[in-house]
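Reading through the structure tokens given below for one structure.
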Amino acid sequence: MKDKPYLFIALAAVFWSVQGVLGKFLASDLEPMQTAFARIFVGFLFIFAFTFIRHKEDLKIDANGMFKLAVMGIVCQSGTSMFFFHSVSKTSVAAATALMYTAPIFAIFISRMVFGEKITPLKLLAVAVCSVGVFQTVTMGNFSVLTGSVIGVLSGLGAGLVYSLNSIIGKSLMRKYSNWAVLTYSFGFGALFMSPFCNPIGILPMLGKPNVIFGIIMMGLVPTFCAFGFYFTGIAKGALPSKVGIVATLEVALAVIWAAVLFGEPMGIMRALGICGIFAAVYILYVENSRADKATVAATAPADISRA
């Protein structure tokens, strides 16, 4: 079944969706960039520990691979956070989030160039429905959030571009290295590169507060170790980067639902329609995969040579 790898991506989205909830525990004590660094660094510790215990041999990487993983860590892990938070500082959280989730648009065309993935009508429809759904969910249809700083908008689009490269570069590297090795080194290099920009030393005095310790540990465990573990497992099992980005936007819908249920944040008809759009986009991909499965079965079925 072609759908199975995408179940891992959907599970990753579920774990990612609690990131905003956990961020509430840290917002009053840490700067946004410190929270981003803590997530990547603590996530790296969990990922490294798991890989060292379960897949120790996979950590042996040649120099060429180490260089590529360093580039991935800098571009995909630290780059996404830095572009995103710069966009937030120049625009708003809603605008930066909407712009970052242009990632599926970038992914569908880059995957075509890199892997030769087909751009089908259903895939284009899913990307369009998904993009509109995310925008409606995040901004409630308010286009004015995108007005203002050109640099802020470009930074948001930059976050979307490097976010889309996560699955593309990851899939390319996983042809030679295991998914856990790719995760370990990319997060390690990402945390190392981010450290000069995030004042990690400023986090230390905050570790005496139970809510900060809880928030940091859970941030590293749930939306990082668990989420990226499922995400890269899905890619390793054959999920296409052009579709991965669409399924991953379930995170946005689920995050808004969490916020409404736990913190009483307003839903509204526009936001509800956006959430429906995101789920509809994922369903469109399911339909395309089902058709592909049927075509494969038909092509491989033995010919009927019986005679009356």
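A Cβ is built for glycine as well, from the same backbone N, Cα and C atoms used for every other residue.
Taken verbatim from TrEMBL:
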DOMAIN    6-137  domain 'EamA'
TRANSMEM  33-53  transmembrane segment
TRANSMEM  65-85  transmembrane segment
TRANSMEM  91-110  transmembrane segment
TRANSMEM  122-139  transmembrane segment
TRANSMEM  145-165  transmembrane segment
DOMAIN    151-286  domain 'EamA'
TRANSMEM  177-197  transmembrane segment
TRANSMEM  212-232  transmembrane segment
TRANSMEM  244-263  transmembrane segment
TRANSMEM  269-286  transmembrane segment
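DSSP states for the domain 'EamA' (6-137), grouped as helix (H, G, I), strand (E, B) and coil, give 112 helix, 0 strand, 20 coil. Counting residues 6+ beyond its ends, the transmembrane segment (269-286) has Cβ neighbours under 8 Å at 3, 6, 10, 122-123, 125-127, 129-130, 132-138, 140-141, 243, 246-247, 249-250, 252-253, 256-257 in the same chain.
Using the rule of three or more Cβ pairs under 8 Å, pairs at least 6 apart in sequence, the transmembrane segment (177-197) is not in contact with the transmembrane segment (91-110). Below 8 A, the CB atoms of the transmembrane segment (244-263) and the transmembrane segment (33-53) form no more than two pairs separated by six or more positions in the chain, fewer than 3 in all. Using a cut-off of 8 Å between Cβ atoms, the transmembrane segment (33-53) and the transmembrane segment (212-232) share at least three residue pairs, counting only pairs 6 or more apart in sequence. For the domain 'EamA' (151-286), the model's pLDDT averages out at 93. Broken down by DSSP into helix, strand and coil, the domain 'EamA' (151-286) contains 119 helix, 0 strand, 17 coil.
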